[in-house]
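See structure below.
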Amino acid sequence: MAPRVFRRQTLERCLREIRKATNRPECFLTIQNGLASNFTSLTKVLYDFNKVLENGRISGSPLQKLEINSFDDEQIWQQLELQNEPVLQYFQNAVSETVEDEDISLLPECEDEECEEDASEVEADNQENLETDLDEEQLSDEGGDVPKGRDRAKSSRKSDPRKSPVFSDEDSDLDFDIGKLEQQTKMQIKPPGKPREKSVVDDKFFKLSEMESFLEKVEKEEEKRPDGEEEDEEDIDLFEDIDSDESEGGLFGRQKIKSNKSSRNLKYKDFFDPVESDEDITGVDEELGPDEEKEEEEGFAEEADESISDTDEDNDLEEDENSDQHKGSLKRVTFALPDDEAEDTSPLAVKQESDEVKSSFEKRQEKMNEKIASLEKELLDKKPWQLQGEVTAQKRPENSLLEETLHFDHAVRMAPVITEETTLHLEDIIKQRIRDQAWDDVERKEKPKEDAYEYKKRLTLDHEKSKLSLAEIYEQEYLKLNQQKTEEEDNPEHVEIQKMMDSLFLKLDALSNFHFIPKPPVPEIKVVSNLPAITMEEVAPVSVSDAALLAPEEIKEKNKAGDLKTAAEKTATDKKRERRKKKYQKRLKIKEKEKRKKLLEKNNPDQSKSSRAAASEKLKQLTKTGKVSLLKDERKDKPLKSSQAFFSKLQDQVKMQINDAKQPEKIKKKKQDISVHKLKL
């Protein structure tokens with residue numbers, strides 16, 4: 001009994017906690033951290049409890065305990081999924097096997113009112129059994145004996161033949177809707193219907209294709225039947241009087257099996273097959289309405305009760321009336337075709353409905369086309385001013401720049417972070433200044449900057465050669481220096497006298513004239529706004545360095561030769577200019593070399609003479625050996641003044657060429673002719 005008591009206590013404790021939480025639903029409007037921790041602990045208790053009672057047939061999660069310490073909600077859910085998935089699969093397989101088995105019937109056949117009475121008695125007995133079990137468990141825990149009267153009551157209940165099969169404690173908790181289970185099995189067994197063409201007569205309830213298939217099925221069944229059965233059916237006398245028991249059993253036997261469910265729970269689905277499309281179902285519900293459905297259900301329930309309770313004669317009459325009413329209700333439900341104005345059953349309307357049924361590819365294409373159209377529209381529409389590049393104040397709306405977050409470069413160094421070291425350093429400086437009694441403000445020490453010269457006041461360099469001599473240039477520079485000194489050394493007394501005279505003349509002018517003559521206008525100093533365009537709009541921050549406000553030409557000098565170009569960018573003129581520049585530099589180098597030689601000759605004249613003599617001797621030796629030939633200047637390059645001189649010169653050149661061609665032949669002959677005197681015997 002201990003494990004049963006343990007089970008009951010754990011389940012009661014869990015239910016108590018859940019009831020406490022659900023009694024106050026308004027608490028769930030805010031975050032309940034304590035409640036969340038309680039629920040996690042409850043899930044752990046239930047999980048561990050389930051693992052203890054788990055049979056070997058159902059193998060759930062391999063984890064014997066639910067781990068919740070240092071685990072988040074997602075990880076706990078994953079542990080529960082590991083346990084639930086195989087269990088659900090097991091139950092699904094078991095249910096499908098029982099549904100497929102034709103020998104098993106979910107609803108046992110009962111006879112008339114006895115079945116209902118038995119069912120109510122069984123429920124009452126089950127409740128009494130549960131109460132007695134609870135009392136026995138409590139007594140067994142306390143150590144007391146169970147009374148014998150209760151045992152007898154138990155045995156009498158067990159021996160009751162009308163009682164339904166006994167269920168265990170675990171089975172008693174199961175409560176499921178049989179009607180839903182039947183519908184699920186029908187939907188599973190029902191094969192997927194092939195899409196058929198709609199006819200003109202088709203309605204929400206009536207379909208021509210279904211009628212044709214039903215007739216074909218009936219014909220096939222009739223063909224399969226043997227001849228003996230047909231004769232037996234023909235021999236039955238339909239006008240015979242039938243006993244009340246037989247009539248009740250025969251007429252309402254089938255109805256009892258189906259109407260074993262409570263008549264209050266009967267719905268449209270219990271009388272008619274479900275409509276294939278969801279739209280048709282919703283249409284039927286809307287047409288009937290909740291009031292009509294209730295009336296029909298009550299009508300059917302009343303018919304069933306009256307048919308069971310009344311006599312045979314009354315039964316016959318009521319059967320006729322009920323059949324008429326039933327037929328009328330069926331006619332009203334099944335054949336209540338809509339008006340021609342409400343729904344158009346023409347072939348054009350059917351075609352439109354068939355066109356509406358599109359394939360997945362067509363739907364994808366439609367979505368793609370819509371997306372392309374929207375993107376094209378975005379591209380063609382006018383873009384906002386933020387995406388239009390450089391926009392001036394006139395082109396954008398007023399005060400629109402204030403609503404945007406602008407990104408710009410800070411040229412000023414950020415202030416240092418104040419730490420303990422900086423504060424201590426400041427304290428030391430303050431103490432030192434108090435000792436030195438230096439109460440004046442500290443002069444800011446700045447790094448000396450080279451002021452960027454103004455671009456507009458830049459001196460233009462003159463590339464022409466100066467016509468003045470060096471002496472004249474020095475003279476002008478000297479005169480300028482002397483003039484500056486004389487200007488600086490003005491007599492201070494003269495300056496004072498000039499000021500006094502100016503003030504006197506002003507007073508005299510005021511006395512001599514009717515009205516006061518103002519002071520003469522002093523020439524104002526004009527400030528040239530040589531700044532970038534961004535400062536004119538007053539968008540730039542106040543603390544920006546001067547370097548950021550100057551143009552690049554003001555900061556760095558422009559190259560004299562212009563912008564740098566690559567070899568591919570250079571034109572013919574640029575290449576010629578470079579060539580001239582190289583030649584000029586080469587000439588300068590040669591001139592410098594000659595100057596150095598001359599200086600050396602001047603400094604060492606003896607060395608230069610000896611070098612010249614050595615060079616001349618070397619030349620003579622080379623000419624003697626025949627390695628070098630000296631060219632004499634015979635004034636050949638002198639211009640010819642007459643035609644006679646020209647032709648004579650031409651003749652001489654031809655003769656020289658002929659002689660040069662004959663010389664190698666003579667040398668060969670000399671080498672070949674060997675005299676006898678040179679040979680020794």
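Every residue gets a Cβ built from N, Cα and C, even glycine.
Checking Swiss-Prot for coiled coil across the ranges 174-208, 349-383 points to 349-383. Screening Ser70, Ser172, Ser616 against Swiss-Prot annotations picks out Ser172 (annotated as phosphoserine). Between the listed residues Ser247, Ser629, Ser675, Swiss-Prot assigns phosphoserine to Ser247, with no corresponding entry for the rest in that record. Noted from Swiss-Prot: of Ser168, Ser262, Ser309, Ser329, the annotation phosphoserine belongs to Ser168. Noted from Swiss-Prot: of Ser59, Ser244, Ser263, Ser307, the annotation phosphoserine belongs to Ser244.
Of all the recorded positions in the record (Ser61, Lys395, Lys649), the one with the smallest CA separation from Lys383 (SUMO2 cross-link) is Lys395.
Lys649 (SUMO2 cross-link) falls within a helix when secondary structure is assigned with DSSP. All protein chains considered, the CB of Lys395 (SUMO2 cross-link) has 9 other CB atoms within 10 Å. When the recorded positions Ser61, Lys395, Lys556 are compared by Cα distance to Lys649 (SUMO2 cross-link), the shortest distance belongs to Lys556.
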